[in-house]
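According to Swiss-Prot:
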{"type": "MOD_RES", "residues": "SER23", "note": "phosphoserine"}
{"type": "CROSSLNK", "residues": "LYS35", "note": "SUMO2 cross-link"}
{"type": "MOD_RES", "residues": "SER54", "note": "phosphoserine"}
{"type": "MOD_RES", "residues": "SER63", "note": "phosphoserine"}
{"type": "CROSSLNK", "residues": "LYS87", "note": "SUMO2 cross-link"}
{"type": "MOD_RES", "residues": "SER90", "note": "phosphoserine"}
{"type": "CROSSLNK", "residues": "LYS98", "note": "SUMO2 cross-link"}
{"type": "MOD_RES", "residues": "TYR246", "note": "phosphotyrosine"}
{"type": "DOMAIN", "residues": "289-364", "note": "domain 'RRM 3'"}
{"type": "MOD_RES", "residues": "SER310", "note": "phosphoserine"}
{"type": "REGION", "residues": "354-392", "note": "region '2 X 19 AA perfect repeats'"}
{"type": "REPEAT", "residues": "374-392", "note": "repeat '2-2'"}
{"type": "REPEAT", "residues": "418-433", "note": "repeat '1-2'"}
Amino acid sequence: MMLSTEGREGFVVKVRGLPWSCSAEEVMRFFSDCKIQNGTSGVRFIYTREGRPSGEAFVELESEDEVKLALKKDRETMGHRYVEVFKSNSVEMDWVLKHTGPNSPDTANDGFVRLRGLPFGCSKEEIVQFFSGLEIVPNGMTLPVDFQGRSTGEAFVQFASQEIAEKALKKHKERIGHRYIEIFKSSRAEVRTHYDPPRKLMTMQRPGPYDRPGAGRGYNSIGRGAGFERMRRGAYGGGYGGYDDYGGYNDGYGFGSDRFGRDLNYCFSGMSDHRYGDGGSSFQSTTGHCVHMRGLPYRATENDIYNFFSPLNPMRVHIEIGPDGRVTGEADVEFATHEDAVAAMAKDKANMQHRYVELFLNSTAGTSGGAYDHSYVELFLNSTAGASGGAYGSQMMGGMGLSNQSSYGGPASQQLSAGYGGGYGGQSSMSGYDQVLQENSSDYQSNLA
């Protein structure tokens, strides 16, 4: 007897938005009204090519009726996060699980290792000498640089075979000069995540204590400088400068990638999970009323952020994860209304543990982004004056409305980089934008004086 279409394709749902630390038992509790096939074995988590959780999973159920029950859980919450549930099938599940994760065909046995702790100015010749006797493929070395063109102290090396790469791993903790070198198994996919720098970092850098506005990197400019140009050309010390050969693709199941082969669904999920990549946060708001946080303690949890905004009640918290799997110190917080997001800005420059936290508003009144009630805004500013370290200043002007510039000079580049400097007024007025730039510049000059 032939199986029905449902029988051949199985009874599967796909879950998105899971907490990073979520376990199979927690997924089973979330679907407690549904019969999951084979218990915890029926929960199939999706991992990135670096082996980190993607926040997604497939769940195998026992019948079509169980699938219908599971779909009713769409947009319900797990902890403080709402979870999306989609109908899927066994074909999609098998394909995705095969082509993702650290053991996928795209990452296994490609002979890559990653070095960390290289001396400043370490050359390719020194690395070749370090691996003397182990064959490195032609043009098989990549030396990443940061967004200012400086060496990161890391390198990626591709050997002629996986067996040679295993031998290279045995040199872990040996020295180059006075520095001991850490060596880790890597993959072509990891090289790609380092190949093109995060756009958010290229367009906005928090000034250092000795920085001065100048050519290519002023506080109020978006100058790109030599570091940007080196990275734009793929100048990672040579190496894999021709990654256009690995053109972007979309597999039809939502696992798209850019032209460097980086996953667009993860990200730094994070990173974009960059961020945590992705040319900025991968956070997608459902209400359009968000506050971006910067300067969080690296051990801050979602609960810490909920408590930080108490008595306000955020709908969702998304802590950014960088491409190295570490938190970036930034997060996006979603509120139900524009008024709640505005009220949350009263916490700008407040401390969380030992660090003060900067807040950037990303919300407009109404769906059309029309002008907000200025009497309310002025009342809010007056009620919070002095408490926020002067982060707002007197910037209700021109077509920009209110722009939340930060207190260290108000870099206007934030308004271009990640969209966190949005105002309440219509932002199509370039004259208003220019006026904000001019005021920021004059404010900064007066601060220097």
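Positions of Cβ are set from backbone N, Cα and C atoms, glycine also.
Annotated features taken from Swiss-Prot, shown on the structure.
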residue	record	DSSP (3 states)
SER23	phosphoserine	coil
LYS35	SUMO2 cross-link	coil
SER54	phosphoserine	strand
SER63	phosphoserine	coil
LYS87	SUMO2 cross-link	strand
LYS98	SUMO2 cross-link	helix
SER310	phosphoserine	coil
Top Cα neighbour of SER310 (phosphoserine) in the set of recorded positions SER63, LYS87, SER90, LYS98: LYS87
Nearest recorded site to LYS87 (SUMO2 cross-link) by CA-CA distance, among recorded positions SER23, LYS35, SER54, LYS98: LYS35
The one of SER23, SER54, SER63, SER90, SER310 whose CB sees the fewest other CB atoms within 10 Å, among these modified residues: SER310
Proximal but sequence-remote residues of the same chain as LYS35 (SUMO2 cross-link) (Cβ under 8 Å, at least 6 apart): LEU61, GLU62, SER63, GLU66
Packing count at LYS87 (SUMO2 cross-link) (other Cβ atoms within 10 Å of its Cβ): 15
Helix, strand and coil counts within the domain 'RRM 3' (289-364) (DSSP): 17 helix, 30 strand, 29 coil
Listed recorded positions among SER54, SER90, LYS98 whose Cα sits within 10 Å of SER23 (phosphoserine): none
Inter-residue C-alpha distance, LYS98 (SUMO2 cross-link) and SER90 (phosphoserine) (nearest angstrom): 12
Rounded inter-Cα distance in Å - SER54 (phosphoserine), SER90 (phosphoserine): 19
Packing count at LYS98 (SUMO2 cross-link) (other Cβ atoms within 10 Å of its Cβ): 11
